[in-house]
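> My questions all concern the structure below.
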Amino acid sequence: LDCHYVPCRAGWVGPTVLLCIYGFCSMMRPIEPFLTEFLTGTYKNLTTEQVTRQVYPVWTYSSLVLLIPVLLVTDFLRYKPVIILQGLTYVTAFLLVLFGSGVHSAQLAFFCYSIATAADVAYFSYIYSIVPPSYYQRVTSYVRGAILLGYAVGALLAQLLLSLGRVSLYCLGFITLISVSVALITSFFLPMPKTSLFLKGTYSAQQENSDEDTHSSESQDFFIWVKSVTAAKHVGTMFRGLILDCKKCYSSVAVLFFCIWAATGRCGFYQVTGYVQLLWVYMQPNNFTAYNGGVDAISTLTGAAASVAVGHMSLEWSVWGELVLGGFTFLIAGAIFLMDLTDNIWINYTCFSLFKTIYLQLATICTFQIAKMLNRRRYALVFGINSFVGTVLQSVLTAIVINTQSLHNPLISFQFLIYASYFAAISLLFTVRGVYTVLHMKCPAGGNHTPKDMRIFIITVIIYYSSNRIKSICRHCTFMYINIFNQSKSGYLSVCRQQDSTN
């Protein structure tokens, strides 16, 4: 049974433990909650405009370009080499952050960082090539919980060292470099799968050929030629298989909706977490001690606990999953909306913790649901496509929201209103779909209650109520934007009058 799996290191336990250690160390990066302060402070002397417009977008746009090539190479190389590459690029990125100087060095660091994040597909797909499908839900919660725990420990350590130990940000950078180096060393001990999930059988055939006639140089040359020809033939087969597998994967409506949430949720999460430090800098009063690390630690720990708890929940996810996604996404939208409205930094911290905790829990639900519904050899493909679609959406939002705004007015807050509206639209979609799914699965096919008419009536009521709420939000956004525009215009006119008077 399942001869495809590698019977090493106590079955599924050993590889899972090693992968969790790798995930913990690669994510324990104490410098990240204060990375904006590190780049814009006296350490690197970059301006806020340089960081926002020239440095941070490099990660978004590079990830968009790298995701598809990394996805194809990941399956062909059987995951482990790509995980090692991820560790190497993490080390390189933080070496550049620590010892580089100037905008170009920071851009190169974020390019290396984008390679590492693009290689996440190998981290999440590797374990499914090792363990049986019956353990998917459990190992997904362990693997995701390990990276969340690592990030939480790093953030908490950073906050304690800064608040109590009064250490410099350079010290946090060195701790980060040591942690990702340990992750790189751990990656070499991961067992190598015998075959890839997608190109099953290719490597086993090559392995059989490699055992025959390898003593002479002529046979070795012939083996290399045969290997290259075989690889060339399988390139065309792989692309044809990709197209067919995409059709099969997304032909299931349930898989399609979980994938939609995974892609759109990823986009919104990285947009909010990527620019929330700038919002906090904008909101912080004078002489305020930043607690970014503590907030990140608490929210990540609660998210990790929720992710592990979800792995042991017994719920009919095929029935209630979409409704759960819709309801909790509405809470995310409300939290981000309150972050935009409030001027209190502590309320903002609390809303961000709620946002991150809920997102991490919902992302775990989507991950194991997709894994359970698909053939295991297609999981890496679907995960990569979801990441690619999320990155495309993120690039569009970055181009529209970030690059067109002026950094000299409070539009950094206005962009979070856009993020809240974005999650509200996702919540509406999944609430309507979830209600339809529950009524369709739970109501009997026949009888006197006409369940189809009842479903149409309930969905119509939900759409009507939600559309009214969206109208009020859009009205509020319009008024806020007009006020901001008028303030900017009046400020510009006053500056022009002052220049005319001096002249």
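Every residue, even glycine, has its Cβ placed from backbone N, Cα and C.
Taken from TrEMBL, the feature transmembrane segment covers 58-77, 82-102, 108-130, 142-161, 167-190, 249-271, 291-310, 317-339, 345-368, 380-402, 414-432.
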> So if I exclude everything within five residues of the ends of the transmembrane segment (317-339), which remaining residues of that chain have a CB under 8 angstroms from its CBs? That is, six or more out.
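For the transmembrane segment (317-339), the list is 254, 257-258, 261, 265, 268, 272, 276, 279, 347-348, 351-352, 354-355, 358-359, 361-362, 365-366, 369, 416-417, 419-424, 426-435, 437-438, 441-442, 473.
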> Determine whether the transmembrane segment (249-271) and the transmembrane segment (142-161) share at least three Cβ pairs under 8 Å, counting only pairs 6 or more apart in sequence.
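Contact between the transmembrane segment (249-271) and the transmembrane segment (142-161): absent.
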> Which listed range (82-102, 108-130, 414-432) shows the maximal number of Cβ pairs under 8 Å with respect to the transmembrane segment (167-190)?
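Against the transmembrane segment (167-190), the leading stretch is 82-102.
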> Do the transmembrane segment (58-77) and the transmembrane segment (380-402) share at least 3 Cβ pairs under 8 Å, sequence separation 6 or more?
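Taking Cβ pairs at least 6 residues apart, the transmembrane segment (380-402) and the transmembrane segment (58-77) are in contact, with 3 or more under 8 Å.
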> Cβ under 8 Å, sequence separation of at least 6 from the ends of the transmembrane segment (380-402): give me the contacting residues as numbers and ranges.
52-53, 57, 60-61, 63-64, 67-68, 70-71, 74-75, 79, 118, 120-122, 124-125, 128, 197-198, 242, 245-246, 249, 255, 259, 262-267, 270-271, 275, 370, 374, 415, 418, 422
> Is the transmembrane segment (82-102) in contact with the transmembrane segment (142-161), using three or more Cβ pairs under 8 angstroms as the rule and ignoring pairs under 6 apart in sequence?
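These two stretches do not touch.
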> I need to check the long-range neighbours of the transmembrane segment (345-368): which residues 6 or more away from its ends have a CB within less than 8 Å of a CB in the stretch?
124, 136-137, 140-141, 144, 148, 258-259, 261-262, 265-266, 269, 272-273, 276, 279-280, 283-285, 288, 291, 295-296, 298-300, 302-304, 306-307, 310-311, 317, 321, 324-325, 328-329, 331-332, 335-336, 338-339
